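First up is the structure itself, then whatever we jot down about it.
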Amino acid sequence: MTSLRPIGYEDIRWEPQSITYAGAARPRYGTYHPAVPTTIADLALDLSPSVLADAESASREMTRFDAELGGEIAPFASVLLRSESAASSQIENLTASARAIGEAELPGGKAKQNAELIVANTAAMQAAVALSHAINAEAIRAMHRALMVNDPRHTPGDFRAEPVWIGGGSTPIGATFVGPRDELVPGAIDDLIAFAQRDDLPALPQIAVSHAQFETIHPFTDGNGRTGRALVQAMLRNKGLTRQVTVPVSAGLLADTDAYFAALTSYRDGDAAPIVERFSHAAILAIANGRQLVAELRAIRESWNSVINARSDSAIWKVADLLTRRPVINAALVAQELGIESTNAHRYLNPLTDAGLLAEATNGRRNRVWRSPEVLAALDAFAERAGRRG
């Protein structure tokens, strides 16, 4: 077993291509310093008893939260996964209201750019959960492919073949961090996978270190942070900390992004404790926030029972259940859920609108959209709590 070592750095000459800098008066030449990641396949996690105890406590809370929702998985699993996707995107300064995200998810719906990116992140999270039985390079590529499917500039699912950096403007010279040379990426990913597949480590510290190592490798030209947090969800499921629902860990990280980024820097400097501590703290925050969201959604849905006037076998109740996980709907979505023609969806939408549970979000007869103001308010409140420092 080896101890975590600080990453190394190389000195590489940067010579911008003339085609890239056509028209630029003074293209910038110089030396940049890509990282050389330390290997972790045989890493011994040398963490203090208090750090390990906090991680164990957070792990128990995640397992308990997952078990609490076991009997009600249908509505809350998708809501929590979407909430995790939105929070992970917000860490990258991609924000959108719950209403905008809901509209972007609709069949045939029009999407604002940020909302569309968040919906793509939801697809990446879904891929992560679906592929959690096997943590390998192809699973990571599939997560990225789902995330970047609408942005072919960033070669969805392909490891990069060019430099990538954080900060520093249009060149890596003076960047805050430069990822390893692209030639090193496949081997570094294989090393990461070997570590992630081990079964002799405490799960949450192993997941936190795997995430930090992934962010150090930065294997893609874009979307590394969101893909790395999707990997976290895959590993939570793979290691058995969650079985049925998504614990929105990113919502906990969002409470203090400065500390999260500082912990990633500390990891690169050879100290894994801060990133493990951030994950433990984030999990506790996320569970508290998630419990509040679930309680609010339950209360909203129960309140509708006294408002909806319909037979117990009416499909209106199915539409009401749909609203707790998809609070923005149109006729096409209702038809898809109920297995009916879209022209017949209005017989269920109109009574819910008349009862005040739905509000029409569009004017005119074409491309009509309805929303549940109560559910949207609960989702926006979750996001607001996630972004609030404790």
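Quick reminder: no glycine exception, Cβ is built from N, Cα and C everywhere.
Here is what TrEMBL records for this protein:
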- H218: active site (ACT_SITE)
- D222, G223, N224, G225, R226, T227, G228, R229: ATP binding site (BINDING)
- 135-281: domain 'Fido' (DOMAIN)
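Proximity to the residue listed as 'active site', judged by a C-alpha distance within 10 Å, picks out N224 from the binding-site residues N224, R226, R229. Within 8 A of the CB centroid of the ATP site residues D222, G223, N224, G225, R226, T227, G228, R229, the other residues of that chain are E92, H144, L147, F220, A230. In terms of DSSP secondary structure, the domain 'Fido' (135-281) contains 88 helix, 4 strand, 55 coil.
Neighbour density around each Cβ, counted as other Cβ atoms within 10 Å, peaks among the binding-site residues N224, T227 at T227.
Non-local contacts of D222 (ATP binding site) by the CB criterion (under 8 A, 6+ apart in sequence, same chain) comprise M148, D151, H154. If you count neighbouring Cβ atoms within 10 Å for each of the binding-site residues G225, G228, the highest count belongs to G228. Sequence-distant neighbours of R226 (ATP binding site) (same chain, 6+ apart, CB under 8 A from its CB) are S88, S89, E92, N121, A124, L147.
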